[in-house]
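As written in TrEMBL, here are the features:
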- B:27-141: domain 'PurM-like N-terminal' (DOMAIN)
- B:D29, B:D75: Mg(2+) 4 binding site (BINDING)
- B:D29, B:D75, B:D218: Mg(2+) 3 binding site (BINDING)
- B:D46, B:D75: Mg(2+) 2 binding site (BINDING)
- B:D46, B:D123: Mg(2+) 1 binding site (BINDING)
- B:H53, B:E268, B:F321: substrate binding site (BINDING)
- B:Y105, B:G122, B:D123, B:R149, B:S220: ATP binding site (BINDING)
- B:153-309: domain 'PurM-like C-terminal' (DOMAIN)
- B:D221: Mg(2+) 5 binding site (BINDING)
Number of protein chains: 2
Amino acid sequence: MLRDEFEWIKSIIPSHSHQKNLLMGIGDDAAIWSVDEDMDQVVCVDTMVEGVHFTRDTLSPAQIGHKALAVNLSDIAAMGAIPQFYLVSIAISPECTEEELHDLYEGMRKLADLYKTDLIGGDTVSTKGPLVLTVTVIGKVEKGKSLYRKNAEPDDVVFLTGITGESAAGLQLLLSKTRQYSFNEAETSLTSQHQMPQPHIKQGRLLAKSGFRTALNDVSDGIASELNEIAEASDVTIHIDEEKLPISSILKSLSKNERLTYQLYGGEDYVLVGTMAEKDFNQVVSEFDKSFLPLYKIGRVTERGETAVLINQEPLTKKGFNHFRER
Amino acid sequence: MLRDEFEWIKSIIPSHSHQKNLLMGIGDDAAIWSVDEDMDQVVCVDTMVEGVHFTRDTLSPAQIGHKALAVNLSDIAAMGAIPQFYLVSIAISPECTEEELHDLYEGMRKLADLYKTDLIGGDTVSTKGPLVLTVTVIGKVEKGKSLYRKNAEPDDVVFLTGITGESAAGLQLLLSKTRQYSFNEAETSLTSQHQMPQPHIKQGRLLAKSGFRTALNDVSDGIASELNEIAEASDVTIHIDEEKLPISSILKSLSKNERLTYQLYGGEDYVLVGTMAEKDFNQVVSEFDKSFLPLYKIGRVTERGETAVLINQEPLTKKGFNHFRER
């Protein structure tokens, strides 16, 4: 039980801001910043609900905070943008202690500091139901450089900025054993992917700064779903080469079927998936190399006019988590 | 029960946008807009929870939508800004029907259209608990013209842009009789103030465009609380003249004590309360007159260095709704 809302809000006001153009953060009716005229502004919002997106068995309070911000930073990354500010709206459940709330905000702050992103506002309210956490992130990207889903064209290379499947495998472990369990090193590596995803901001920036036409999505719902979104937005057919999908060394021991399910439908990996022309791709690979970042070629865009994603010539359907069907 | 999340999201995508500088609304990882270099950007977020901010007995689905957007537009008004965009994150309870959701979004859309404000993003998730609705609004204001709480100075006039107390009186009626009751005309006027508050965007813009130094807050928690925020941020003493507080004709029949409680502590009126120099005030009153908008002088700022709000020489304490104490 918290002492006082006003005291609590005072305790989360940042002592300094990273962004020099912030004019007013927390402390008035709204936050205000001056704009950079060479940049476009970007905004996204995501909500995490206890019992749906996490439970007390899968995420610690600090991990809830980290992840709620990370999934938004990942959306910013998928536009090729630089994060600047975030706002946090939280509906606090009766069971939530002041220490847990503190840890949750600390989890956000630590991640935000890595990307010089400032907390500039929010709302704290009570609920009789589960905890609901909504994070809004604002960023900026050079005019005309944002990376839309609709940018894919025939003959493009399809690429991934990281391995997929570990987060979903980690979630399975957490659901069966809970986070209190003593996991071995390999298992901890999987659970960490689920609990503390690292947004691919750097990768998104390398792609945007390259100036090359790029279609891009972040992998929140699994690459099957994300690639279908790109195929739909661009009206193209995408072929995935199963042999080229990067495989987590930890998941190699699984049956091929089980592993592929994690890789294609797992979701919550928060790597980036996209397409670009082959000649540009080779140049971008060398930029990624310089930063010691992998970039995997996993397929190719073929004709325009038929929206589809194929793997081994079989349709790969959208099969992410659907909040309406699950209810 | 909803058919499909993706279908539902398609159904709420606006067919056109009011803001010509919107580059990407709903349909990618984040929304993007190009900036106006003469303006600063403004952002705020507010959350409404079923069972805390409203119940099925106090607000209809359309009113929930209207009010969730209105309270954010009111924050934008309190900075003197112009609203441009909004994002909606909703955690949907199991009881919520598709028709109710549709009405809720329509309630927002109708209000948004009045102010040429575009829906550009959001998140739809499920919850096993009560409905939680978070709205983020983005706006803009001419560089250096935003109206901060910290702007009050000694000898300023204290003003109100509307009557306070009706919303709280309306809430009392709704709590005792429910919105299904056949209220008479006067009662309906009170309940409407609670259910469908109109943000004072026009008034905020008149104040910002005047160019005069102005301290400003919107009345979400009651003028006692809002004036204390201005007094704290500006480090001044504010005197309220009880005789000058505008009185709702419908509340005149109440005992003075009951009426004053509504007027000072009621909250959710979403009028604006502020301070400015007396000479400037008289000029602004004539601007308000031209638009047939009232502006009430209700007190005066006295010395700097002592933070206090006084009415009839008695301290007027912060006594709004505290979400932590209520739990």
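Cβ from N, Cα, C; glycine included.
TrEMBL: automatically predicted annotations, no manual curation.
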Pairwise Cα distance maximum in Å, ATP-binding residues per record: B:Y105, B:G122, B:D123, B:R149, B:S220: 32
Candidates from B:Y105, B:S220, B:D221, B:E268 close to chain A, where binding-site residues are judged by Cβ under 8 Å: none
B:D29, B:D46, B:D123, B:D221, B:E268 as binding-site residues, winner by CB count within 10 A: B:D29
Nearest recorded site to B:R149 (ATP binding site) by CA-CA distance, among binding-site residues B:D29, B:H53, B:D123, B:D221, B:E268: B:D221
Composition by DSSP (helix, strand, coil) of residues within the domain 'PurM-like N-terminal' (B:27-141): 34 helix, 47 strand, 34 coil
10 Å Cα neighbourhood of B:D75 (Mg(2+) 4 binding site): matching binding-site residues from B:H53, B:D123, B:D218, B:S220: B:D218, B:S220
B:G122 (ATP binding site), number of other Cβ atoms within 10 Å: 24
Number of Cβ atoms other than its own within 10 Å, given for B:S220 (ATP binding site): 21
In three-state DSSP terms, the structure that B:D218 (Mg(2+) 3 binding site) belongs to: strand
Inter-residue C-alpha distance, B:D46 (Mg(2+) 2 binding site) and B:H53 (substrate binding site) (nearest angstrom): 11
Nearest recorded site to B:S220 (ATP binding site) by CA-CA distance, among binding-site residues B:D29, B:H53, B:D123, B:E268: B:E268
B:E268 (substrate binding site) as reference: those binding-site residues from B:D29, B:Y105, B:G122, B:D123 with C-alpha within 10 Å of it: none
Between B:Y105 (ATP binding site) and B:D29 (Mg(2+) 4 binding site): CA-CA distance (Å): 21
Nearest of the binding-site residues (B:H53, B:D218, B:D221) to B:G122 (ATP binding site), judged by Cα-Cα distance: B:H53
